[in-house]
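**Q** Before I ask anything, let me first share the structure, which is written out below as structure tokens.
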């Protein structure tokens, strides 16, 4: 459940910005039907930053309910205050989620020791499996391989989503962790190379609109069929890149709407709808991928 193509799921909203239960069910059904390994609910792509704490919990629980055991659900539980991250995590202790994705604290830029103590404290307050999440472009904070190695010794810290796009990190981390520690790419464009170097899968934005392709690519990579996997990846490469032509999740929400997976591409301020220029770029990438 922690390998292969794991989708960083968008949070669908109606025109008033309320979470759409019917569209969420449609998205979950789509991923169940198309081989996605697991869902990350309310991560960055799921607009965690603009949901209230109550809404955050409600969306995760709604996702669990609608998934109904058909696909594993991972909850995003990151925060830039350790106590808040612990509180979010503990809310899901007996919920049925299979684990938590916890981003490095953003904005306050802790030291490496601060990062270690942050994740250690969270792990000590739950039995849920923890996936570390390193995305310096978003947080202003880079968790170094040596810190990951220290954290990997904690029993319920089982994986990392490494989203720097720096492939040398795969080698650096693998040298410092046990063989059962899971390495997940957080960068669709380099995910296949990441897996070829020993990674186990990807937490994917692209999978929101290309679930079957991403699942097939990851399966082929796991089986060592990299030529076949690369053929899929090359077709998707413009999409991997152009889904970030404007800040995530602006482009991918529009793409979901364009494919009929959600009813609207509504976002909450300060996120604004995609520009006409951005829409044209994403549309061309969807067409190149054979999705539109």
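Including glycine, each Cβ sits where the backbone N, Cα and C put it.
Checked Swiss-Prot, it gives:
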| type | residues | note |
| --- | --- | --- |
| ACT_SITE | 133 | active site, proton donor/acceptor |
| ACT_SITE | 161 | active site, schiff-base intermediate with substrate |
| BINDING | 45, 203 | pyruvate binding site |
| SITE | 44 | site 'Part of a proton relay during catalysis' |
| SITE | 107 | site 'Part of a proton relay during catalysis' |
**Q** I'd like to know which of these recorded positions, 107, 133, is least surrounded, judged by other CB atoms within 10 A.
**A** 107
**Q** Do you know which of the recorded positions 44, 45, 161, 203 has the most other C-beta atoms within 10 angstroms of its C-beta?
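**A** Neighbour-count leader: 203.
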**Q** For the residue listed as 'active site, schiff-base intermediate with substrate', find which of the recorded positions 44, 45, 107 come within 10 Å, Cα to Cα.
**A** none
**Q** Given the recorded positions 45, 133, 203, state which is nearest to residue 107 (site 'Part of a proton relay during catalysis') when distance is taken between Cα atoms.
**A** 133
**Q** Residue 203 (pyruvate binding site) to the residue listed as 'active site, proton donor/acceptor': how many Å between their Cα atoms?
**A** 10
